[in-house]
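**Student:** There's a structure below that I have some questions on.
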């Protein structure tokens with residue numbers, strides 16, 4: 001019985017590259033077959049077949065079938081050790097949740113698995129599944145639920161010895177706080193995660209996630225793009241080594257850093273590099289267009305890139321936030337360059353030169369006047385911008401302060417001399 005299953009499993013593996021459907025059918029037949037619990041070889045083959053089938057279903061985008069497999073194998077989990085059962089459930093659930101083809105059943109399936117783990121009194125598995133649920137809540141923007149479950153889980157994990165899972169949950173807490181724009185708490189959670197991670201061996205995926213979040217926090221809070229770039233590069237190498245779909249995201253953030261560092265010419269070199277070449281596509285093309293627009297200081301090209309690659313640029317909150325700031329800086333530079341030769345200029349003329357609507361130009365100019373980027377007023381009645389010369393700086397206060405400081409030094413010197421005489 002076991003020998004036949006081994007032969008079938010080997011045949012399924014040999015068909016992986018040529019005929020995936022046939023391989024899936026063979027693995028299905030092995031998984032559905034009843035086996036004796038005391039037949040160790042048959043149990044091992046069935047376990048390998050379940051993992052291989054799950055991986056194949058994920059690669060072929062069969063999300064519903066993978067969800068069904070996760071429920072179907074539960075009776076079999078009682079015939080293997082708790083550690084193996086936990087690894088099997090986690091692996092299948094990770095495959096299901098990492099798929100691009102969302103079914104809308106992710107949270108429901110995760111909750112079902114948690115309930116099953118509770119009923120079977122599998123504490124470690126339940127905690128691992130709850131960590132995945134926190135991740136799901138974060139992905140679906142249910143931030144308050146993510147924080148509530150995460151804080152409960154952190155209290156439990158700090159009393160136990162599963163440091164890797166503790167790092168995972170601390171990272172999720174940092175991501176959630178960052179999404180809620182609470183940067184001090186996001187940084188504190190990240191620092192806790194890095195401290196915990198220093199004491200253990202981190203698997204490549206966890207280390208890459210840690211580097212990715214470090215890069216995001218450095219970019220968001222400190223605008224330290226050089227440090228952020230090095231973190232994103234480490235994350236990219238980590239994700240690339242395990243063929244994770246998140247590798248492309250870290251590559252996009254690397255390209256974003258180069259644009260924000262005002263070195264858009266490096267973007268082309270990065271994209272055509274050996275490591276990044278396999279990720280060529282719309283995601284990298286989007287950043288290449290933004291880099292070109294930034295290099296040319298062209299608002300029209302920038303807006304075209306944002307329109308043509310809406311999903312790739314606007315749907316990513318990290319990229320969207322920083323590109324909005326880049327666009328703002330680019331607009332200010334363009335406006336200052338346009339108005340520089342004038343002392344009085346029509347707003348319509350400015351809007352025609354930089355190819356933006358009159359209302360947008362008016363709004364931006366009034367903001368720049370309030371921020372003291374230049375001195376002037378908007379005459380909305382006549383639709384003109386009047387620019388004043390830079391007012392001379394009154395140096396009376398500086399001179400007075402300098403005089404007082406010098407007098408203070410003289411008084412101190414006289415006091416010290418008088419002290420020596422007495």
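Using N, Cα and C of the backbone, Cβ positions are placed for all residues, glycine too.
What you are looking at is a predicted structure, and each value in this text was computed from that prediction instead of being measured.
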**Student:** Looking at phosphoserine as annotated by Swiss-Prot, pick the matching residue from 23, 79, 294, 298.
**Tutor:** 23
**Student:** Among the residues 14, 241, which does Swiss-Prot list with the feature phosphoserine?
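**Tutor:** Matching 14, 241 against Swiss-Prot annotations yields 14.
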**Student:** Which one of 252, 258, 274 shows up in Swiss-Prot with the note SUMO2 cross-link?
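**Tutor:** Out of 252, 258, 274, Swiss-Prot attaches the SUMO2 cross-link annotation to 274.
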**Student:** When you measure from the Cβ of residue 274 (SUMO2 cross-link), how many other Cβ atoms are you left with inside 10 Å?
**Tutor:** 6
